[in-house]
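Comments concern the structure below.
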Amino acid sequence: MSSPLAPPAESSAVSNHPRRLTDYANCAGCAGKLASLGITQLLSDLPPRPNDPNLLVATETRDDAGVYQLNDGLALVQTVDFFPPLVDDPRDFGRIAAANALSDVYAMNGRPLTVLNLVGFPDDELPLSLLGAILRGAGEIVTEAGAVTVGGHSIRDREIKFGLSVTGLADPAAVWTNAAARPGDLLILTKPLGTGFITTAAKRRSAPETPNGPPRPLDPTIADLLTRAVASMTQLNRIGQTAAHAAPVGTVHAVTDVTGYGLAGHGFEMAHAAGVHFEFRATDLPRFPGVESLATPEFRTRAAATNRAFVADHLVIAQDADPIGVELAFDPQTSGGLLMAVAPEAVEPILAELQRLGALAAAVVGRVVALDRSSNSSQPPVYLSLV
């Protein structure tokens, strides 16, 4: 580990530089994840889980973080997340990346403690003051989370990348996983969907008309949606964790955060891990007001196609399912909300607390039912449906 990355002083070079931050990104935000199908195969080829009784959560169910028990009342929660820029404002990029990385700890019911900055940056093309703005933005969110930055590491890279390695603490007896949903549970999502469509539209519609020319101004609809999306992506999922604590003890059964694999991909991981079926109601999926106009093939990300391919063999889509909801289910999210499988009696207190805490959108999006094991055993089980 290198010494901490200290944010340089402000410089006018950031605002005067003609290139957009997103010009240094091939894939934006969590849409830059490697395809889940490939990761699944890769993990299956790695050595088996270490035989250590203190390792409570590892990679078997593709959970959000690793959990290692230190003693009877304390466990370590560890995660890492970084990606290329999905917005052009460096401060906002840092804030989004930090909130996204911290989310994994909240999804495990942990408390973030320390973070390390991870940086890839083309310092031969861009001023370090721009990196300073990214780091300052991230620092704002880390401070809001009650964590501290203790260091970091940087490399020279043609593509900008930024994120955090996060260490947190949790009660071993109260850790949430993505693998314990039960038939009869209801599914709550704590943030609106559509960040992939919105950020892609903003990047394409603001592209300069000539090489190295100034960015084009966004039309008001996309500009408003981008403002809403940034507000959502920078909102800590701590409010979802806090809201879940308002439910009766033992009624929150499984939790994950919805990021690059979309609601369908992360929902599939949860259903598969628990051996159950998730039924999502496409019309009930929370979305940014007006995102329907962007949920089109023009702004569909490459990751949306790989997300759909990932679950295709285990998914049924009803003929009358809301087409916009279906599009949003595969849209890769960055710093998306928590997806919770909870007992019915937990729904009202959780939604009420989310509203009190200022959640931008939250809704019951489906239910958990028993997995149908009566079909032909040669066919893959159907873990997911969109109705």
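Just so it is clear, glycine is given a Cβ too, placed from its N, Cα and C backbone atoms.
The shown structure was predicted, so the numbers you read here are calculated from the model rather than taken from an experiment.
Of the residues Asp92, Asp104, Asp219, Asp224, TrEMBL places Asp104 in the same Mg(2+) site as Asp64, Asp257. For Asp64 (Mg(2+) binding site) paired with Asp81 (ATP binding site), the C-alpha to C-alpha distance reads 10 Å. Residue counts of the domain 'PurM-like N-terminal' (63-169) by helix, strand and coil are 35 helix, 45 strand, 27 coil (DSSP-based). Rounded to a whole value, the Cα-Cα separation of Ser154 (ATP binding site) and Asp257 (Mg(2+) binding site) is 27 Å. Residue environment of Gly152 (ATP binding site) contains 21 other Cβ atoms, counted within 10 Å of its Cβ in all protein chains. A distance of 13 Å separates the Cα atom of Asp257 (Mg(2+) binding site) from that of Asp81 (ATP binding site).
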